Every structure is written in structure tokens, then in C-alpha cells.
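What TrEMBL says about this one:
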type	residues	note
REPEAT	52-90	repeat 'WD'
COMPBIAS	153-162	compositional bias 'Low complexity'
REGION	153-178	region 'Disordered'
REPEAT	378-410	repeat 'WD'
Amino acid sequence: MEATQEHISVGCNRLTQALAWGADGLVAFGAHHSVALYYPMDSARRGVRATLQGHTNRVNCVAFLNRGHELAQKNVAIVSGSADKTARVWRKKMSTSGAEDKWVCSAVLEGHTGTDNRISIYVMQSKQFDKVLSLQGHDNWVRSLDFATFTKDSTNDTTTKQQQEHQQAGGKNTSHHHTLQDGDLLLASGSQDKYIRIWRISAVVDAPEEVSAEDVSAQAGSEAALTQDMLKSLEEMSKSGTQLSTKAHIIDVNTDTAGETKRFSVIFEALLLGHDDWVYTINWQPATSLNGAYHQPMCLLSASTDKSMMIWRPDESTGVWVNNTQVGEVGGNTIGFYGGLFGPDGRWILAYGYNGAFHIWKNEGNEIGDKWVPQVPASGHYASVQDLTWDPTQSYLISVSLDQTARLYSPWRHTDTASNALVSTWHEIARPQIHGYDAQCIAFTDKWTFVSGSDEKVLRVFDAPQTFVRSLAALSGDETVLAEESSRPVGANLPALGLSNKAVFENDIASMVEAQESEEYLSQQAFVSTGATPTSLVETMSQPPFEEHLLQHTLWPEVEKLFGHGYELMCVDGSHDHRWVASACKAHTPDQAGVRLFDIRNGWKQTANPLQSHTLTVTKVKFSHSDRFLLSISRDRLWSLFERVEDAN
């Protein structure tokens, strides 16, 4: 018998440069100490395909190395930087057996140092990079930089007769190409000061000794920097101390051994205003082919902790950079986006947020306008997984983590849109528990009920709602589970400032609808978090849910709390006959190192005395298949076997 990999579930590290999207569609991202590989545009939605092991601490940043010219560039390597003070270079090893190619570590490089709110410009001279300029402007840390080469598209190469007549009459040049020249480098920078700046690097065509910085500034014109958005915000920025300068910086570069010098100017081109919080990443849309020629779209994507991603383009008539598309999260307790990238063809966007979750949008629009539609992403925990368990029928599994969540995974039977073949892929379809404490252990007591333990010293029992049973049947194709649907609550809701998921029944739905229509309910919404709605409680899923839905609408009702432990829970297990729950917690003295038993059939009551045999913390308990024996292991280096003996009375 051969074991094959079926599914990898992992979230992205909470860092701003932990994600990279290669030219061939492959995404690499930091996942704890590993680099995970993922194809978001895979029509079969198979999620994470592999992880690269080697770093000994958190992976902080990832990037692709490309070879080739213009549109012929290909990914040749992945570079990952880690808190272990090393950078690793990974190269693809081609497979000869027809299996997927593997990536292997080909080099390990030594560490790095800190950053500030300036942008440093380096040029290669005499076969080494030298720092030649430091750009000021941002008044907080610069979080992201991205270069693009400006190209004049064929449709706007020439000035129309009407534009020429308008300019001759004293009018302004209304094309956004009025200062940009073919081949100019555009550098976009995003900062924690909430602003995005665009800088233009241009070759100076006159002899170096004949041109000064003042001349270049005058040639560029104030229109290059003072857009309408900037003028509106000058007063606000002056109060905050933000710098706004149109000064040109001159760089002389030695281009060959003969001493030939070329002069370049660096000037502030535009300021983009729109985000309400830190801008973490900015990304130019990848270059495309236009009429057979290399073309760089003037399109910029920004991601912010204000829970939004914006797509910026210059207005064709005024040159003003405007935000014409915005996507993002709604509700939940997240802290916005840590990063966002365009796909290789510019028609996909991949973002990740505070809780490690991915968000994917595909542009299904046309020449009239954009239409960004959410797609099913990969998902997983963003902190260490402490425990996981199958349900008694092995239909689905649940894992718990130090990210304080319990996540449920199940197969999804669906059609591969590329091949029209029926495929089965694993996905997170519910988040039954979202806690305020680190989750440590979990066990099922029957097909639809599980018990979990955390650092709060209390065991909590959860029961599956109707919504989950119906969705599981629809996604997995197994309709036999619907036989047990009717006796269950419809769903669950977490009250404001509450820790317990409250069951919602059929008669509660009508009350919720009436409450939503009242003025009192509407006034309260400014003070409470968004929870389950009547619509979401009765909705049956046709595909795996997006992160916003998982955060708010897939909770399971909490049906019982089990008390008795004095310290943080360590382990729990349920008997196969659905009668007993055994658990243990951290122990500071020998009398606290006992195993506690709870009788499910007797109202979840605890037995009179814990099972004692260990002197240090019990780390694992397990019932035998027959439920006759209970095994425990401890930090005292001993294991104990308890036998169940029926009372003769």
C-alpha cells in the first residue's frame, strides 16, 4: 500500500513581504518555518501543493528570481528570507517520471539588518552596487517598493489633431503621457503614513555638464507632481508635517570602463491618497503584449490594514491617479490586509490578511469595465496546530490551534472547469469554534458532537447545526447524512461580548427578522460586531465558503461546559460508545496530575475521584477500541493503563 499526499492546510505568515507570485502562476509564501507552494489559478482548486523545509525560524519574505527579456521572462529560482538570519535560494529540479517538479535548496546566504522611512537608490558601477541617493517624503516606515518601465501604447503614441490645435491655442496637454517618456522607470512606494508615492527616473538627453537639477525640475513641470488629489490634501499634509517636494535629483552613472557617464533625473511624480490606515504593499500590474509589443499597463494595486485593496489608474484626460476599483473584507475581527499581488496576466488578485487567510478575485469584466469576482482560496491555521481528530465516520476532520480556532475540513466534489472532469478536493468548510484562548485539544463524542479544551481551564461541548449538515451533504455528495438534520438547531450566533456560541432554532429566525427591522436594532449595530444573519443561518453552501463567511456564519452551538480542572487543559478523548470523556490539565503538584472522567449519559457529570497514577502533567489520554482500557502518558516518563470495571450494583 502506498500513501500519497491528499491535502496541505496552512496559512500565510503575518508579514508584509511573505507572498510572491511568479510569472508561471506559482505562488510561494511563508508558512511558519517553511515556504509553501500554491497555484491559485488551478481550475481544480487543489490548494497548497508542497512545502519547502530548511529554515529554522519564521520565514519573513519571499521573492522569485526571473531570467529572460520582457515578456519572455521565466521563474528560475525562489529566494526566502528568515528570522534564522539566512536567505535560501531554491531551484526547480525537473522530474523525469512525469511527477510534479521539485524545488531544492541550492544556496544559503547570510542575514540582514533593519529599515527606516527613506528610500535608498543603488546603481551598479564597476561590477558592484553603490548607494547614490536617498529619497525623503514618507514620514513613517516604507513598507513596499515596486518598479515598472513606462511604455507608450500604440493607441496613444501620437497627439491627435484636435489636441495639437488645443495646445497651440494655449491649452494644456490633456494626455497622461505629457511628462512620461518611453523607457522611464516608475518607482511606487507604500508607507505606514497611509500614502503611496510614485517617483520617476528618466534619462537626461542633454550633455551632463549642460543640465542642472533646477532645469530638470522645470522641464518636468508642476503637473507631474501636483495632481488634484494632492492639492486637496496640501492643507492636511502641512499640518501633519508630511513633505511634498517637486525637486529633481540628478544621478551620474559610469556605464563602462571607458569612463562614459550617463545622467538620470529622479523626481517625485504623484501622490496617491485614499487609504485610511497603513499601506502594506503596492504592486504594478505585470507587463503584457499589446499589438505584439511589450506593454506596461499604468495600473497599480495597493493593500492596506484598512481592510481594502485599491486599483489605481491615471485618468486619460487629466493624468490624475484615481482609485477606480476597490475590493476587500466586510465585518469580522480582522486587521486588514498584509499583502496583495496581481496574477501573471493581470486578471487575478491574491491577498492575505492578519489571520493568514487568502482572498482571491478574478476579473470577469470586459472592455466596458472591471468585474472582480471572489474565488475559492486555500486556507489553514496561522499558528501551531495542537491537535486534530476525525469524526467517528471519517467523513471530515477538525483541528485546533494556538490561533484560537477550531477548523473543519471536508472533501468538495465539483467539476474541474478546465477539463470538465469530476474531482474531489479538500477545503475548510466551517469554523465551529472561534475562541479567546489558545486551543489545545479536541475529541469527538459522537458523529455530530465534539469537546475541546483550551488555556481557560474549561472543556466546551459543541453540536453540529442543520446548516452544517445540509452543507456537508451538498459539498461531499453524501445525502445520507440528511436523515439526522431535522432534530438539530438551525445554526449558532455569538452575542456581543460573549464567549459562548448560542443555538438558534427555527422560531428564533422570525424574531431575528423582526428585530432587524426595528430602530433599536439599527442603532445598536454601531456598538456590536457583525454576527450571523437570518439569511446566513439558513443558507446551504454550494462551494467552500470565503474567509468572511467562515469568520461569522459557520459556528456550532455550544451545548455544555465541563468544569473541574484547575489549570490549562492539555488533552481530551472520548470513548467509542459515546459515554465517557477523559481529560487532563497542567499539573504543578502530584494531586493535580489526575485524569478526570465525565459521564455523558449522566448529564455530563464528573465522576467522584480523578484517576491518579502520575506525578507530573499528563500529556495524552486515549481510550482503547473496545473502551475497556484508558491509556495515559505523562511528563514523569511513565505511562499508565486503567481498566474499566462495571459496578456489580
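Placed from the backbone N, Cα and C atoms, the Cβ positions cover glycine too.
Model confidence over the repeat 'WD' (52-90) stands at 89, taken as the mean pLDDT rounded to a whole number. Within the chain carrying the repeat 'WD' (52-90), a Cβ under 8 angstroms from the stretch's Cβ atoms is held by residues 13, 15, 17-24, 26, 28-37, 103-112, 287-289, 294, all 6 or more beyond its ends.
Long-range contacts of the repeat 'WD' (378-410) within the same chain, counting only residues at least 6 positions beyond its ends with a Cβ under 8 Å from a Cβ of the stretch, are 7-14, 31-32, 38, 40, 47-48, 355-358, 426-444, 446-448, 450, 452, 454, 462, 472, 475-476, 478, 481, 547, 550, 554, 571, 576. Mapped onto DSSP helix, strand and coil, the repeat 'WD' (378-410) counts 0 helix, 17 strand, 16 coil.
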